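*Asks:* So that we are looking at the same thing, I have put the structure below in C-alpha cells.
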C-alpha cells in the first residue's frame, strides 16, 4: 500500500488541500441578511397562571446594524421583550386557552420592520407528578467530548443536559446518579474526580465520585428550598496525574417535592365595602405564598376559597373569592351598615391548585356608610329677634337628626336659605353638634323692614345615594328698633373759601338727618376736632362760623390747601347716639406772604471770595410768587452786589464788590413777588480770613471787638467768684459765734403756783442727750443773789461733787449733789425768798427780786396786780391782803 501512494502523486495531495483551503479563504464573505433566527418560536409553560416577571424564552434577531442589542416590540401588552430578546410576563395573567400567540417586531439597519410569531403552550398536568420519579431501566452515562488534538477547551456550544435529583429522597445513601466515562479509558487507566459546590466547596461531601469507575453519587437527602441547583466539574486524569480530558461541567437540578404548605402574608386581612354595593364589586384581596417550585411543578399553584362567613345575614353567601387571584368581591345584594356593619370570613389557600396542602387566614370586611338617610329638622319652626344695625348676631339654633354615621360626610349637614335675596343672613354648621347657627351677615334696618320669614333647607356634604326628600324649616326674625346715630349728608362736605375769610362770618351749614323716623328727636351740633381752633358751630342750626383768621400757609394743619374738621351731631334718644361728619375747607390762596431768602447766614473768604446762591421762597401759590424782584437797601449795595441766577428769578447770586475787612456784615435785601408784595430781610454775612471757598471760619466773639481779651475776662470772673466765697465764709462764721439766749420767763399762757418751769407737761424727756456742762455750771458758778433786808449768816458751805468725766456716772453725780443741797444750812426756809442755784446765764431779764419798786423796807401796794388779769391773780392774793392779817 505504501508504494502505491509514493512518488509525485503522494506529494500532490497536500498541495490540493492547500489550494482548496486558500480558495476558501479568498472567497468574499456572505452579505449580512437581517431577520429573526426562526419564523416562529414555541415556548411551553408548566401552568396556566403566569405571574409577573416570569421568563418565557428568548428570540434572536440579526439587524445588520453592528450593535450588540436590538429593540423589540410585542403586539401583546401583557408581555415584554428585552433588548437581549428575553420575553417576560409584564403582569399576572391566566391562560384560558391551551395555546396563545403574539408577534414580536424588530427593525433592521434600513428601518425595515421584521416580525416573528411566539406561541405559548400550557404543559399537560399529571396528578402524580409530585411523587418520586420511577426508577430508570437503563443506566445513564456521561462521556467526555472527544478531542482530536489532545487536551483543549470544549466548545462553547456544547452543553451537558442537567441531571435531575429529587429532594427529600429516603435513600439508601450513597445513591448513584450518573456514571462518567472517558473515551480513552480503554487506552489508559483513567481516574475521576469532581470539584465545585457540594463536592469540595460548601456544602462539602454532598456529592462524591468513585475514582476508578466514575460513578457520581449523592450522599444525603437534598432540599430544593435551600439549594435548587448544583454546578460540578468532573476531571479525568491518568495514573501519572496528567489530564486526560478537559474538565466537564455537570449541572444537578434538585426537583421539587410538595413539602411546603402555602403561607398567607397576613393573619388578618382588613377590607371595606360600601353598603348597598352591587354584585361583582371588588372588596379586597388576600395573598399567600408557597416556597415550592412554581415554574416546573404545581406544588406552588395556590387556589383560594372561602370556608365560613359570620354572620350569615342577610345571606349565607354574601361574598365570593377568585380562586387564582384571591380577590374577594360582593356576590349578592343586601349589604346594609345599619343591619350588619361587619363580616368575618375564614379564607383558605391550597397548593396543587386546591388539591394539596392548605392554610387559613381571616378576612374582616367593614360595611361603610353611604348617604341613605336624610337630615331632618326637629322642630321645623323657629322664632328669633335681632337688634337693627348689628351684624354677626346669632338669631336661632336649628336642630337636625341624621341616622348616618356621625362625623362622616354622609352625616355632616349643609344648610341653605331659600329666600336670602340680599345675603343678609347665613347658616353655619356647628362642627360638634351638626346644628345650624343662623346669624346676620349685615345690619338690618328697622325702618326698612320689621320682620323677615326665612325658609331653610338641609342636605349632607355628600349627595344622597338614593332618592330622598329634603327637610325644610321656617324661621321668623323680628327686627328690634334701636336709637341710630344721625347721619351727615353729604359726608364729607367740601367748601371752598379764601384764606382771608372774615372772622365771625358763616362759612356753611352742615346738618345731619336722624334715620329713626318713628322717633321725634332733637339734634344738636358740636365741633369734635378743630386742630387749628378756627371754627365754631351753632349747636341748634349746625351753621359753621370762623372764630379766628384762616391761614392756608399753616402747613401743620393745612394739607394740600385743605383744612379738615370733624363735626358731631348728638340726638336726645336713649341711649344718646352720635354721628360724625367731615368738613373739608379748601382755602384759596391770598397774597399775604412776602418772599424770603434762603439761606440767611453765609460766610465769604476775604480773598477771591466764592459767590453764594440765594434761593427765594414764597409760601403763596402762583401768580403770587415768581418772578421775583430783588434790591439791596440801607447802603448794602456799597459793598455787595446781587444778580438773578435763572430766568424765573427764583434765585440770586450774592458776592462782594471789593475786598472787605474781616468781620460781620448785615445786608438788607428787599424781595418783591409778582403781585408787588415785598419784604425786607437781613442777611448775616461774615468775612473770613481765607481764600476762595470757605472751609472753616472762626467768628470773633463780640467782646473781642471791645478790646477785652479772653484772659482778662476770665480774670474778672475769677475775682468776682472769690469775693462771693469770702462773703459766704464770713456769714457762716458770724452765725457760729451768735449765742442763743434762753428765755427767763415761761410763755404768757403758762400759769403756775411757783416760778419753776420744766418745759414739759408729762411723758418724760424725749431728748436723752444731756448738756453736762450746764449741770456743772449750775453748781460751781452760781450767780450772786443778795438780800438787803436780812443779814447773812456765816455758815460752812457744803462740798458739791464735781461733774464726772464718765457720762455713765451721771446718776450717782445727781444723787450725791441733791443730798448735799438738802443738807445745805445756808438754804432759806420754804416761806422765804428762795435763792436758786441756776436760772440761766446771760439772760437780759432781771431776777424776781427786781419786782421791788423801792430799796426801802416800806410796805408796797400790790392791788394793781388785780388789774393785770388771771396770770397775776396768785401774786395779788399773796401780797394784796397782807394788811388784814
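The backbone N, Cα and C atoms fix where each Cβ goes, and this holds for glycine too.
Bear in mind that the values here come from a model prediction, so they are computed numbers and not experimental data.
So Swiss-Prot says this about it:
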| type | residues | note |
| --- | --- | --- |
| SIGNAL | 1-26 | signal peptide |
| TOPO_DOM | 157-712 | topological domain 'Extracellular' |
| CARBOHYD | 282 | O-linked glycosylation site |
| CARBOHYD | 287 | O-linked glycosylation site |
| BINDING | 290 | Ca(2+) 3 binding site |
| CARBOHYD | 360 | O-linked glycosylation site |
| CARBOHYD | 472 | O-linked glycosylation site |
| CARBOHYD | 474 | O-linked glycosylation site |
| DOMAIN | 489-597 | domain 'Cadherin 4' |
| CARBOHYD | 511 | O-linked glycosylation site |
| CARBOHYD | 560 | N-linked glycosylation site |
| CARBOHYD | 578 | O-linked glycosylation site |
| CARBOHYD | 580 | O-linked glycosylation site |
| CARBOHYD | 582 | O-linked glycosylation site |
| CARBOHYD | 639 | N-linked glycosylation site |
| TOPO_DOM | 734-885 | topological domain 'Cytoplasmic' |
| MOD_RES | 756 | phosphotyrosine |
| MOD_RES | 757 | phosphotyrosine |
| COMPBIAS | 758-770 | compositional bias 'Acidic residues' |
| MOD_RES | 758 | phosphotyrosine |
*Asks:* Nearest to residue 287 (O-linked glycosylation site) by Cα, among 360, 472, 474, 580 (glycosylation sites)?
*Replies:* 360
*Asks:* List only the single closest residue to residue 290 (Ca(2+) 3 binding site), chosen from the glycosylation sites 282, 360, 472, 580 by CA-CA distance.
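*Replies:* Result: the closest of the glycosylation sites to residue 290 (Ca(2+) 3 binding site) is 360.
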*Asks:* Find the shortest Cα-Cα separation between residue 580 (O-linked glycosylation site) and the glycosylation sites 360, 472, 511, 639, and name the residue that gives it.
*Replies:* 511
*Asks:* According to DSSP, does the residue listed as 'Ca(2+) 3 binding site' sit in a helix, a strand, or coil?
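*Replies:* Note: the residue listed as 'Ca(2+) 3 binding site' is coil by DSSP, not helix or strand.
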*Asks:* For the glycosylation sites listed here (578, 582), tell me which residue's CB has the most neighbouring CB atoms inside 10 Å.
*Replies:* 582
*Asks:* What are the non-local neighbours of residue 472 (O-linked glycosylation site), defined as same-chain residues 6+ apart in sequence with CB under 8 A from its CB?
*Replies:* 377, 380, 418, 455, 456, 457
*Asks:* Work through the glycosylation sites one by one (282, 474, 560, 639) and name whichever has its CA nearest to the CA of residue 511 (O-linked glycosylation site).
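*Replies:* It is 560, whose Cα lies nearest.
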*Asks:* For 282, 360, 560, listed as glycosylation sites, tell me which one has the smallest number of other Cβ atoms within 10 Å.
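*Replies:* Each of the glycosylation sites 282, 360, 560 was scored by Cβ atoms within 10 Å; lowest is 560.
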*Asks:* Among the glycosylation sites listed here (282, 360, 560, 639), which has the Cα closest to the Cα of residue 474 (O-linked glycosylation site)?
*Replies:* 282
*Asks:* Spatially, which candidate from the glycosylation sites 282, 360, 560, 639 is nearest to residue 582 (O-linked glycosylation site), comparing Cα atoms?
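*Replies:* The answer is 560.
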